[in-house]
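Step one of this worksheet: look at the structure below.
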Amino acid sequence: MASRGLPRALRCARVAAPRSVLSSALPRPALAKAAAAAVPRMAINQQPIRGLKSITFADSTETVYEREDWPREKLQEFFKNDTLALIGYGSQGHGQGLNLRDQGLNVIVGVRKDGASWKEAVQDGWVPGKNLFDVDTAVEKGTVVMNLLSDAAQSETWPALKPKITKGKTLYFSHGFSPVFKDLTKVDVPEDVDVILVAPKGSGRTVRTLFREGRGINSSIAVFQDVTGQAKEKAIAMGVAVGSGYLYETTFQKEVYSDLYGERGCLMGGIHGMFLAQYEVLRERGHSPSEAFNETVEEATQSLYPLIGGNGMDWMYAACSTTARRGAIDWSSRFRDNLKPLFNELYDRVQDGTETQRSLDYNSQKDYREKYEKEMQEIRDLEIWRAGKAVRSLRPENQK
Ligand SMILES: NC(=O)c1ccc[n+]([C@@H]2O[C@H](COP(=O)([O-])OP(=O)(O)OC[C@H]3O[C@@H](n4cnc5c(N)ncnc54)[C@H](OP(=O)(O)O)[C@@H]3O)[C@@H](O)[C@H]2O)c1
């Protein structure tokens, strides 16, 4: 059997991956529980209220706005007098810009002439002089200025951009970073414009892919300043226009705090640190690179995390052996108790601006791209990720 050489929990979870197979592999009580958990949570307690939904998440009721209420014709009508000037063409600029264009809206792109983004925009079909301009020109032409420059560049370019964001325009961000930490970023928004936020919960590439698949990414929306009385409606409309499926209301401050915290924690930094710690101990205790990698990363990403994503933590536990389950439940509280002080320290550093200052200082250096590339190379060269490359090459889909 192909799975014979695999670790026990991996074997169990591999078998568990397709839902039909999983069902037959589970004991009845676990199956019933897992099946209950499998009911999409969004379907529970939904009460449509004219264009929005009131949904109970755990014990708290929140308002969620959805794409269904904003068909393309309504978006086109809503923005019929607007020029959406999208500044910056990184990951978000690319995804949001192409989606806006596909929605049939009047969108233009503004980037540094002949920079990497300019070339990418031309490749994506934006035409210089027609809907592709330098940053200043695009901001002058726009009625909705979508600031999708890197956060450090937003700060750097603000003195030049601010005078062009005149009364009646709308200023749009995809991160609360610049206005919330204005003492550090110096991005003090003009007093006579609406300031709104749509922050997709994922990379701009995913914003584009999900839109093309006819789905939509989850996004946060918020209003920082409402001078017209229409800021919230604009944020919802923009959220749908850039390709969101569901829109969750928040504040600029909560968005930036949770975002900076999450990406440094479980989403990226924390998970990488945990992978490294586990792998290093296995290697120091005499395990081979392939065993250490399989037991740390491959099983997680290929087998167990998708189960959590699909139907929750209890579903993943239920899909594994009682031995794995007993140990995981016991150790989760040890990890939580030990890690919580670190997470509190991280939140404090986000809240007091330390993380913002670090990001501004580093990312505004002229050679920041080269420096990141050096760090990426260092990561690539780590034994764990070199072992990962070899393990991935053995996946059936990667074999010729
Ligand atoms: N990426 C994500 O997953 C994600 C998710 C949600 C929200 N956001 C937010 O979305 C916004 C955009 O992020 P992003 O990741 O799409 O882009 P990014 O990679 O951070 O920024 C890239 C853009 O900034 C431009 N830029 C950098 N320095 C510049 C300067 N000094 N002058 C003019 N332009 C400059 C680049 O142009 P050149 O090519 O010419 O250098 C490029 O177009 C940020 O506020 C970010 O926090 C990002």
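Here the Cβ of each residue, glycine as well, is placed from N, Cα and C on the backbone.
What TrEMBL says about a protein is an automatic prediction, not a curated fact.
Quantities reported herein were computed from a predicted structural model and do not represent experimental measurements.
The domain 'KARI N-terminal Rossmann' annotation in TrEMBL covers 61-250. What TrEMBL records for 251-398 is domain 'KARI C-terminal knotted'. Residues or ranges marked as Mg(2+) 2 binding site in TrEMBL: Asp259, Glu295, Glu299. Annotated Mg(2+) 1 binding site per TrEMBL: Asp259, Glu263, in sequence order. Positions annotated as substrate binding site by TrEMBL: Ser321.
When the domain 'KARI C-terminal knotted' (251-398) is classified with DSSP, helix, strand and coil residues number 126 helix, 0 strand, 22 coil.
Taking only the Cα positions, the spacing between Ser321 (substrate binding site) and Glu295 (Mg(2+) 2 binding site) is 15 angstrom.
Reported as a whole number, the C-alpha separation between Glu263 (Mg(2+) 1 binding site) and Glu299 (Mg(2+) 2 binding site) equals 22 Å.
Of all the binding-site residues listed here (Glu263, Glu295, Glu299), it is Glu263 whose C-beta has the fewest other C-beta atoms within 10 angstroms. Asp259 (Mg(2+) 2 binding site): 19 other CB atoms within 10 A of its CB, across all protein chains.
Summarising the environment of Ser321 (substrate binding site), the number of other Cβ atoms within 10 Å of its Cβ, over all protein chains shown, is 13. Taken as a whole, the domain 'KARI C-terminal knotted' (251-398) shows an average pLDDT of 96 in this prediction.
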